[in-house]
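Database features, via Swiss-Prot:
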BINDING   25-29, 83, 116, 167-171, 198-203  ATP binding site
DOMAIN    22-245  domain 'Phosphagen kinase C-terminal'
């Protein structure tokens, strides 16, 4: 898989930004349900599910629809790897995703709620992402009968989403805080203020490559602007702590950190078999070394490699190499 091949897999909003070494991406997600339809988790029939898909498609004709029942498993999991759909959407019998041209907008149909509107970007621009998601929300609201209560707000399947129905989240690369074992303390602290830390694919997912998703937990009684402002403040505090820890590692643990970086670089350069878990760890430590200016690598794309080394992009019926072997081959080709 060449560097051009990797870039072809990526949505534009997922690409690396040199000016943002810690913030990988941001997302605004709005949960909505439709009146006169059974909720997806309450035995939604395939017939009703496909009827909802058609209604949403008619309301948003400018977006491309992909029905998951028409896709093979590998194609579905590629969408998961690119953060365009959730693993939960795959498990629904009648589900779909609508995407705009650059894939910065994704509308999941018949996941936990009838609609999950997602706007995504590769910086900390939560307010502009909310405006983007809100524009789609307004279009749907003008065409469809969306469930809304004057007292409670938007009615959702999960009680924690009732109110604005909004989840704001930011993906951060936090190797310093992880190495110094600070993440549990941070998780406990922000939890008291209504925020949570999850893995790379949200609730219940594993942490790979020292990448964490920070998001709000509750929406009832808060405005969208309140949630965005509070999350932005929390994220900035975490970024500041990560920068302080990196400075400490550089000053007081220089040799140990340098050794960690070069060991990982050597494994990526020379391994012939490597698992997803180890590959993401080694990529993270090499990225830390680049950020601390210990090493220079030409055209090192952390975000893109973290997607490209996932199994859905490595499976090929015409190639008898194992996934771990192909992953190692890709990394050797790109780490120079």
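Glycine too: its Cβ is placed from the backbone N, Cα and C atoms.
Just so it is clear, the model here is predicted, and its values are computed rather than measured.
Candidate binding-site residues: 116, 198. Fewest other C-beta atoms within 10 angstroms, 198. All protein chains shown were included, and the count of other CB atoms within 10 Å of the CB of residue 169 (ATP binding site) stands at 22. Mean pLDDT for the domain 'Phosphagen kinase C-terminal' (22-245) in the predicted structure: 93. In sequence order, 118, 119, 126, 129, 130, 132, 133, 166, 167, 168, 228 are the residues near residue 28 (ATP binding site), counting only same-chain partners six or more apart with C-beta under 8 A.
Every protein chain shown contributes to the tally, and the Cβ of residue 25 (ATP binding site) ends up with 24 other Cβ atoms within 10 Å.
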